[in-house]
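A.B. asks: Questions regarding the structure given below will be posed in turn.
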Amino acid sequence: MKLKLKNVFLAYFLVSIAGLLYALVQLGQPCDCLPPLRAAAEQLRQKDLRISQLQAELRRPPPAPAQPPEPEALPTIYVVTPTYARLVQKAELVRLSQTLSLVPRLHWLLVEDAEGPTPLVSGLLAASGLLFTHLVVLTPKAQRLREGEPGWVHPRGVEQRNKALDWLRGRGGAVGGEKDPPPPGTQGVVYFADDDNTYSRELFEEMRWTRGVSVWPVGLVGGLRFEGPQVQDGRVVGFHTAWEPSRPFPVDMAGFAVALPLLLDKPNAQFDSTAPRGHLESSLLSHLVDPKDLEPRAANCTRVLVWHTRTEKPKMKQEEQLQRQGRGSDPAIEV
């Protein structure tokens with residue numbers, strides 16, 4: 001056993017000596033190691049350069065976001081709103097004015113159905129912060145709705161909308177606010193916004209660049225979830241409506257806007273108070289555009305951005321009872 005261990009140890013010693021001698025011999029031989037070392041150094045240099053570039057990009061400030069056009073460069077939106085005295089008038093006008101205040105480059109034409117300007121409307125306009133023109137015209141007695149009469153018997157707001165068109169065409173009549181009409185060449189769009197509808201701010205940007213007459217759907221109108229144009233390949237080919245679809249323009253008053261230059265080029269185009277039921281919008285649009293040339297907006301008329309809402313008429317039974325007792329609400333407090 002001892003002999004075997006001795007032989008193993010001797011063999012290990014001889015192999016180690018042989019390996020050492022071989023290594024010593026190789027140290028004296030020439031070695032072509034420089035090219036691989038140079039390649040490795042170049043790779044390290046390229047990596048260092050890329051790291052420096054990435055660090056510089058991280059330190060660089062982000063690019064400024066694209067800026068929207070300056071307000072002065074935007075076409076003006078002229079919003080025409082007829083209004084009349086009633087208990088909810090101020091509430092309606094406050095809501096609408098605060099929506100309009102979110103829209104840049106907007107001019108509000110508020111037209112009262114009255115003999116003269118009322119303190120309520122004058123004060124509201126002055127406090128609104130909006131660029132406005134205050135107009136007044138009284139609806140003729142023969143065209144007024146009687147108590148309890150349905151709204152379709154006489155279309156409301158005809159005289160008031162036409163009064164606003166007269167002002168835009170330079171025929172005067174302003175009783176407050178901006179009294180000078182837009183100068184020739186003004187780029188703008190005219191929209192007829194009733195005081196009781198609900199409007200998305202997006203709607204006004206959809207209409208701003210109207211070239212002729214633009215259109216879109218209106219929600220909660222005509223006994224339907226919405227009414228609006230039907231669009232195919234970017235063109236209006238029909239209308240989704242239940243009430244008399246054969247009308248020349250079966251659209252709601254809130255569902256279109258007209259380029260200001262087009263209205264000024266057609267000085268006789270206005271609303272006809274004698275138009276058949278449901279044809280009031282058509283009485284104006286028929287003078288301005290062919291249905292095939294309507295400009296669909298709101299994602300090809302697939303989005304509803306305005307709603308034909310109605311505020312419930314307040315019930316004043318308790319107020320009337322207190323008034324009979326001489327204890328009615330203070331009339332000096334404006335509501």
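Note: Cβ is positioned from N, Cα and C throughout, glycine not excepted.
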A.B. asks: Pick from ASP48, ASP113, ASP233, ASP272: which one does Swiss-Prot list with PRO82, THR83, TYR84, ARG156, ARG161, ASP194, ASP195, ASP196, HIS308, THR309, ARG310 for the same UDP-alpha-D-glucuronate site?
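C.D. replies: Swiss-Prot lists PRO82, THR83, TYR84, ARG156, ARG161, ASP194, ASP195, ASP196, HIS308, THR309, ARG310 binding UDP-alpha-D-glucuronate, and from ASP48, ASP113, ASP233, ASP272 it also lists ASP113.
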A.B. asks: What range among 223-232, 243-252, 293-302 does Swiss-Prot describe as region 'Interaction with galactose moiety of substrate glycoprotein'?
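C.D. replies: Feature region 'Interaction with galactose moiety of substrate glycoprotein' in Swiss-Prot: residues 243-252.
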A.B. asks: What are the DSSP helix, strand and coil residue counts for the region 'Interaction with galactose moiety of substrate glycoprotein' (243-252)?
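C.D. replies: Grouping H, G, I as helix and E, B as strand yields 0 helix, 0 strand, 10 coil.
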A.B. asks: Sorry to bug you, but what's the C-alpha spacing from ASP196 (UDP-alpha-D-glucuronate binding site) to ASN300 (N-linked glycosylation site), rounded to the closest Å?
C.D. replies: 26
A.B. asks: Over all shown protein chains, what is the count of other CB atoms within 10 A of the CB belonging to ASP196 (UDP-alpha-D-glucuronate binding site)?
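C.D. replies: Neighbour count, Cβ to Cβ under the 10 Å cut-off: 19.
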A.B. asks: Measuring Cα to Cα across PRO82, THR83, TYR84, ASP113, ARG156, ARG161, ASP194, ASP195, ASP196, HIS308, THR309, ARG310, which the record gives as the UDP-alpha-D-glucuronate binders, how far apart are the two most distant ones in Å?
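C.D. replies: Output for UDP-alpha-D-glucuronate binders PRO82, THR83, TYR84, ASP113, ARG156, ARG161, ASP194, ASP195, ASP196, HIS308, THR309, ARG310: max Cα distance 21 Å.
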A.B. asks: Is it possible to list how many residues within the region 'Disordered' (312-335) are helical, extended or coil according to DSSP?
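C.D. replies: Once the DSSP states are binned, the region 'Disordered' (312-335) shows 8 helix, 0 strand, 16 coil.
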